[in-house]
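Engineer: As annotated in TrEMBL:
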type	residues	note
ACT_SITE	Cys294	active site
BINDING	Lys250, His270, Asp317	Mn(2+) binding site
BINDING	Ala293, Cys294, Gly295, Lys296, Thr297, Asn298, Arg416, Arg447, Phe542, Gly543, Glu544, Asn545	GTP binding site
DOMAIN	42-262	domain 'Phosphoenolpyruvate carboxykinase GTP-utilising N-terminal'
DOMAIN	266-625	domain 'Phosphoenolpyruvate carboxykinase C-terminal P-loop'
REGION	392-415	region 'Disordered'
Amino acid sequence: MVDGKPSRAPEGVEVTDAKLTHVRTDLPVSGRVPTHPGILAWVDEVAALTRPEAIHHCDGSDEEWDHLVDVLVAAGTAVRLNPERKPNSLYVRTDPDDVARVEDRTFICSVAEDDCGPTNNWMAPAQMKAILRDRFDGCMRGRTMYVVPFCMGHVEAADPKFGVEITDSPYVALSMRIMTRMGAEPLEAMEASRAAFVPALHSVGMPLTEGVVDVPWPCNDEKYIAHFPDERAIWSFGSGYGGNSLLGKKCYALRIASVMARDEGWLAEHMLILRLTSPKGRVFHVCAAFPSACGKTNLAMINPTIPGWKAETLGDDIAWLRPGDDGRLWAVNPESGLFGVAPGTGETTNPNAMRAVEAGNSVFTNVALTPDGDVWWEGMTDVAPERLTDWKGRAWTPRGPDGGRPSEKAAHPNSRFCTPITQVPILAAAYDDPRGVPIDAIIFGGRRENTIPLVAQSRSWAHGVFMGATCSSETTAASTGSVGVLRRDPMAMLPFIGYHVADYLQHWLDVGNATTADKLPKIFYVNWFRRDGDGRFLWPGFGENSRVLKWIAERIDGRVGAVDSPAGQLPLPEDLDVSGLDLPATDLEAVIGYSPSEWADELPRVRRWLRSLGSRLPTEMHDELWLLAEAMVREVAH
Ligand SMILES: Nc1nc2c(ncn2[C@@H]2O[C@H](COP(=O)(O)OP(=O)(O)OP(=O)(O)O)[C@@H](O)[C@H]2O)c(=O)[nH]1
Ligand SMILES: O=C([O-])CC(=O)C(=O)O
Ligand SMILES: [Mn+2]
């Protein structure tokens with residue numbers, strides 16, 4: 001963290017005409033130069049290292065947006081979409097090798113190796129800094145360096161969390177305006193209080209040295225996404241994509257914030273936030289943690305199919321949960337945009353996301369382009385357009401050369417829309433409340449074709465933490481690597497916990513112990529993805545998930561019972577509202593039921609996973625494992 005009073009402000013900045021200017025570089029500077037000494041000193045230090053051609057201080061204005069669009073179009077990075085279809089929107093294709101987060105190149109550089117834990121890549125901070133200083137040396141040559149002040153969460157929050165991203169990517173500067181509260185407002189707030197901020201340094205890693213010709217999507221084969229949790233700093237090199245480059249998102253709001261949260265007694269989580277109103281007007285607030293590409297954005301914008309229930313969106317990816325004066329957990333969404341998976345988003349699955357992107361002001365990356373300057377992706381419509389340009393820029397038709405389906409998808413499976421959250425038609429008014437909302441239920445989930453029932457409630461907070469700790473999912477295209485491989489993903493945070501996973505689980509227990517059980521959210525575990533023998537989804541999902549939310553609400557109010565099972569407390573078939581659903585009773589039982597044979601396979605996997613977390617694992621987790629094994633034996637004896 002850089003504080004307001006820099007160690008070498010006097011030499012780094014100079015006051016002329018009551019205006020601070022850069023003195024360590026004689027570069028052309030555009031935008032208002034910040035009066036915050038810490039920012040200025042850091043910008044000068046980075047400029048001296050990376051040697052850009054110019055510096056631009058971002059204010060987040062519409063004029064600046066238009067300028068960045070012009071820059072991106074002129075560079076061939078983006079094309080403007082047809083304003084009648086997608087007003088004020090851009091289409092971008094990345095390098096085919098820069099399409100997702102790179103977990104094997106993501107590092108937690110804690111001072112103590114032991115603070116990193118078995119689930120993260122570690123390197124000593126000094127060693128990583130030495131490598132990165134070498135990579136960043138001159139890496140912005142020929143490019144403009146953008147200085148992007150931002151705030152994660154509300155600028156008027158009790159303890160606003162500021163950041164400044166320095167990037168040589170205009171795509172990143174533009175996207176940060178959508179994804180965060182960025183520009184003049186957070187900068188003025190930082191200046192007024194000389195606030196500390198997280199310095200977040202990013203470069204695509206392709207300097208335009210003599211003879212180098214720029215490409216539409218510059219990047220570097222060698223990538224580093226490095227976090228320095230002790231000093232609260234981020235250095236990212238070589239990738240321009242998503243969570244690798246929009247540093248306010250996963251890098252700050254999850255990895256660095258999880259460390260802040262540990263130290264300050266709150267939780268930084270990979271969760272959507274949803275407000276649910278029952279037909280009788282009872283309001284529930286729910287947070288849900290699913291791994292990347294497992295349904296957060298969809299659930300955050302659900303259109304309930306059951307009559308009388310209303311859902312409103314507060315967040316779709318990240319939630320910060322803080323204990324309130326009333327002892328309850330209050331959640332805010334630190335972001336201001338959606339960075340949503342495009343494929344599978346359509347009129348039937350997520351009409352609210354469709355309305356949000358149609359309102360424009362969006363950046364679409366690695367989807368397909370229609371001849372009339374609109375975008376398309378698999379799942380947007382049932383029938384694909386006759387002619388498209390695919391995400392690699394090639395002509396594409398819905399039929400392959402042999403007349404059958406084409407072998408490749410038109411849109412990359414991790415293609416994304418980047419859209420202001422304010423365009424979501426069902427946005428809750430409380431989205432913009434710095435206090436957030438009090439949470440009634442926490443839901444964990446994952447993508448499992450078997451074993452995990454549709455919904456289960458935990459018996460206690462510790463059991464809920466155990467459910468979260470042993471959560472698992474089949475991998476998706478949101479990260480590089482193979483897809484469909486089963487892995488444990490504690491609280492859907494495996495790639496995002498900025499410290500030792502065992503300490504993280506202890507912290508969850510501590511947050512629970514700090515308040516009384518009746519104030520704590522109830523914890524549930526869901527799985528929308530259970531399949532039958534033919535590979536068919538047993539549960540229709542999407543809007544029909546409101547039926548599960550209704551059961552959760554009724555459990556919170558103590559209006560329905562449950563069946564105890566080793567997998568947790570399960571609904572009685574008659575308590576799950578499936579009226580109007582074409583769901584055979586056998587399918588219902590299969591999707592909500594506990595399967596002893598599947599759990600017999602699961603138990604050793606859970607045991608192996610917990611053992612891999614090392615000796616710091618809280619004893620409560622061992623106790624819960626023992627209770628699970630015992631309950632399974634009892635179940636068989638029945
Ligand atoms: N079968 C089924 N698929 C779903 C359901 N909800 C979401 N999906 C699919 O899951 C994929 C990802 O959904 P998202 O809602 O974008 O996932 P996310 O968790 O927000 O992903 P990130 O933004 O990467 O964190 C899409 O292809 C959806 O169509 C559901 O209830 N059932
Ligand atoms: O971070 C990204 O690139 C996209 C995202 O939301 C995720 O992977 O969960
Ligand atoms: Mn999402």
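Glycine is no exception: its Cβ is also placed from the backbone N, Cα and C atoms.
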Engineer: Under a three-state reduction of DSSP output, how is Ala293 (GTP binding site) classified: helix, strand, or coil?
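Structural biologist: SS state of Ala293 (GTP binding site) = coil.
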Engineer: Which recorded positions from the set Lys250, His270, Cys294, Gly295 have a C-beta atom lying less than 6 Å away from ligand 2?
Structural biologist: Lys250
Engineer: With respect to ligand 1, which members of the recorded positions Cys294, Thr297, Arg416, Phe542 satisfy a Cβ distance under 6 angstroms to one of its atoms?
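Structural biologist: Cβ under 6 Å from ligand 1: Cys294, Thr297, Phe542.
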Engineer: Give me the non-local Cβ neighbours of the residue listed as 'active site': same chain, 6+ apart in sequence, Cβ-Cβ under 8 Å, ordered along the sequence.
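Structural biologist: For the residue listed as 'active site', the qualifying residues are Gly445, Gly446, Arg447, Ser473, Thr476, Ala492, Phe529.
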Engineer: Rounded to a whole angstrom, what is the largest C-alpha distance between any two of the residues Ala293, Cys294, Gly295, Lys296, Thr297, Asn298, Arg416, Arg447, Phe542, Gly543, Glu544, Asn545 that the record assigns to GTP?
Structural biologist: 24
Engineer: Could you check which of the binding-site residues Ala293, Thr297, Phe542 is the closest Cα neighbour of Asp317 (Mn(2+) binding site)?
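Structural biologist: That would be Thr297, nearest by Cα distance.
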Engineer: Asp317, Glu544: which of these binding-site residues has the sparsest Cβ neighbourhood within 10 Å?
Structural biologist: Glu544
Engineer: Select the most exposed residue of His270, Ala293, Gly295, Arg416, where exposure means the fewest other Cβ atoms within 10 Å, treating these as the binding-site residues.
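Structural biologist: Result for the binding-site residues His270, Ala293, Gly295, Arg416: minimum number of other Cβ atoms within 10 Å at Ala293.
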Engineer: When the Cβ positions of the recorded positions Lys250, Ala293, Cys294, Gly295, Asp317, Glu544 are compared with the atoms of ligand 3, which fall under 6 Å?
Structural biologist: Asp317
Engineer: Any idea what DSSP makes of Arg416 (GTP binding site), helix, strand or coil?
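Structural biologist: For Arg416 (GTP binding site) - judged by DSSP and reduced to three states - the answer is strand.
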Engineer: How far is it from Thr297 (GTP binding site) to His270 (Mn(2+) binding site), counting Cα to Cα, in Å?
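Structural biologist: His270 (Mn(2+) binding site) has its Cα 11 Å from the Cα of Thr297 (GTP binding site).
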Engineer: Please report how many Å separate the Cα atom of Ala293 (GTP binding site) from that of Lys250 (Mn(2+) binding site), as a whole number.
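Structural biologist: Cα of Ala293 (GTP binding site) to Cα of Lys250 (Mn(2+) binding site) measures 14 Å after rounding.
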Engineer: If you count Cβ atoms within 10 Å of the Cβ of Phe542 (GTP binding site), leaving out that atom itself, what do you get?
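Structural biologist: Its Cβ has 19 other Cβ atoms within 10 Å.
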Engineer: Rounded to the nearest angstrom, how far is the Cα of Lys250 (Mn(2+) binding site) from the Cα of Arg416 (GTP binding site)?
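Structural biologist: One finds 15 Å between the Cα atoms of these residues.
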Engineer: In whole Å, note down how far the CA of Lys250 (Mn(2+) binding site) lies from the CA of Phe542 (GTP binding site).
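Structural biologist: For Phe542 (GTP binding site) versus Lys250 (Mn(2+) binding site), the Cα atoms are 25 Å apart.
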Engineer: How big is the gap, in Å, between the Cα of Lys250 (Mn(2+) binding site) and that of Gly295 (GTP binding site), rounded to a whole number?
Structural biologist: 17
Engineer: What are the other residues, in sequence order, whose C-beta lies within 8 angstroms of the center of the C-beta atoms of Lys250, His270, Asp317 at the Mn(2+) site?
Structural biologist: Gly243, Lys249, Ala253, Leu254, Ser292, Ile318, Phe496
